[in-house]
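Per TrEMBL, the features are as follows:
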type	residues	note
REGION	1-26	region 'Disordered'
DOMAIN	27-124	domain 'BRCT'
BINDING	Asp342, Asp344, Asp433	Mg(2+) binding site
Amino acid sequence: MDSLQVAHLGPRKKRPRQTGASMASPPHDIKFRDLVLFILEKKMGTTRRAFLMELARRKGFRVENELSDSVTHIVAENNSGSEVLEWLQVQNVKASPQLELVDVSWLTECMRAGKPVEMTGKHQLVVRRGFSSSPSPEPQETPPLALKISPYSCQRRTTLNNCNHRFTDAFDILAENCEFRENEGSFVTYMRAASVLKSLPFTIVSMKDTEGIPCLGDEAKSIIEEIIEDGESSEVKAVLNDERYQSFKLFTSVFGVGLKTAEKWFRMGFRTLSKIRSDETLKFTRMQKAGFLYYEDLVSCVTRAEAEAVGVLVKEAVWAFLPDAFVTMTGGFRRGKKIGHDVDFLITSPGCTEEEEQQLLPKVINLWERKGLLLYYDLVESTFEKFKLPSRKVDALDHFQKCFLILKLHHQRVDGGKCSQQEGKTWKAIRVDLVMCPYDRRAFALLGWTGSRQFERDLRRYATHERKMILDNHALYDKTKRTFLEAESEEEIFAHLGLDYIDPWERNA
Ligand code: DCT
Ligand code: MG
């Protein structure tokens, strides 16, 4: 249970607190200092070059963005040595005798070995002089290495450094509009387009840059083209001005209001929240009443400092009843996000009985109620069954016991009370989700509750279509072997699926 222990801050073994800074993607250490690589874009293309550069750097190679005197190896693809020399001449660079001109096959072999491999004749680019009789180089076969961008986001690393905001914002809006119109097909198309662009290590500046990128159909490409040429998409503009989109966006911003209620209010002719709030014929659920009551607090996002303060509250309460429990902040904050719409926690205990497990959340709620911190709660009892096969649906809800809450967070508990802004009101209402899971399922629950939703959907899709396995928040089932695959950590689940491990801060798909 190694990785989980690091992630969980157990009461007994105190470990250094994970801060926002440590979540950032680490700079790459250079392991092989004798080599300085430059990868030629000519005939290779921007996308593939950027990926090779990123991959090589991740493996510890020094790769330069620009050609300079320090470069020792020029790596090229589909170029002969003469072509590379010609290119160097155009750049006004004189190739020193030490400079190696190598084929990309050398680099891909290095990537596979994780270190520089010996350079042999087949790697060296041949320079043909005039009409010499030396044979032209054999056409190089590119090894089947996974250097291409995967159509599954669980095979991509997506940090929060999105350098294609102008495109991904557009696709996010179009996807949301499809969601409001319950157009599942287009929703998925736009979500996948947004997601693949979020993973790119470079900014798209021309249509040439989109070559070889999966999940971009003709429709998505025409939107990208329009944004490149006109600075905006007419389709996105139309959505933003659409009355239905605006109303749905507004109505669903209220806690407890889903698509059905939004639809109903829109059809009834409502366009503002104040009209809805003051209408005496409308009936609201308990959730919606709380949603309106704490609306201002809930729409202003939760900051990391607030999330950490809630984390302290949760741990204090949980440890009062189960001192050996692990409490992990999951959701967007575990992925390194600085703000969120709620704070999600996973709770699990190695030593407790089933009854103690079932009693914990009710006890925690009861404690907060007595302290006057509970503004709203909805406890959902567990429907978890040990031997049930995982769900095949990519968006299925899980069966763990959970509690959706609105907590009263006093300003003084945040950052030592430094920013108690508002006069009068001394607290802020915060949405909190608590999930309680059996200890042997903690890795699956943690993976599922860390998100992002797109990452989870692709993990399940990948398991089903590429591995004949079924994955959900509770378990992983191998259909070929007809067995459940157990896991003590997220790393083990990725390994079962034959996937490279992707850290939480790289799951912002
Ligand atoms: N999740 C899940 N089952 C649910 C709800 C959520 O498995 N019933 C997963 C998907 C993502 C993760 O838990 C956290 O969900 P959210 O809080 O909705 O998303 P988030 O990524 O934390 O984003 P936000 O910052 O908006 O809270
Ligand atoms: Mg969340």
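Cβ atoms here come from the backbone N, Cα and C positions, even for glycine.
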Original post:
Including all protein chains shown, what's the count of other C-beta atoms within 10 A of the C-beta of Asp433 (Mg(2+) binding site)?
Top reply: 16
Original post:
With DSSP helix as H/G/I and strand as E/B, how many residues of the domain 'BRCT' (27-124) fall in helix, strand and coil?
Top reply: 33 helix, 21 strand, 44 coil
Original post:
Taking the center of the Cβ atoms of Asp342, Asp344, Asp433 at the recorded Mg(2+) site, which other residues in this chain have a Cβ no more than 8 Å from that point?
Top reply: Thr330, Gly331, Gly340, Val343, Phe345, Phe404, Arg431, Val432, Leu434
Original post:
With respect to ligand 2, which members of the binding-site residues Asp342, Asp344, Asp433 satisfy a Cβ distance under 6 angstroms to one of its atoms?
Top reply: Asp342, Asp344
**OP:** Sort Asp342 (Mg(2+) binding site) into helix, strand or coil using the DSSP assignment.
**Re:** coil
**OP:** Enter the number of other CB atoms within 10 angstroms of the CB of Asp342 (Mg(2+) binding site).
**Re:** 20
**OP:** Measure the Cβ-based neighbour count of Asp344 (Mg(2+) binding site), defined as the other Cβ atoms within 10 Å of its Cβ.
**Re:** 22
Original post:
Could you give the mean pLDDT over the domain 'BRCT' (27-124), rounded to a whole number?
Top reply: 88
**OP:** Would you identify the secondary structure of Asp433 (Mg(2+) binding site) according to DSSP, in three states?
**Re:** strand
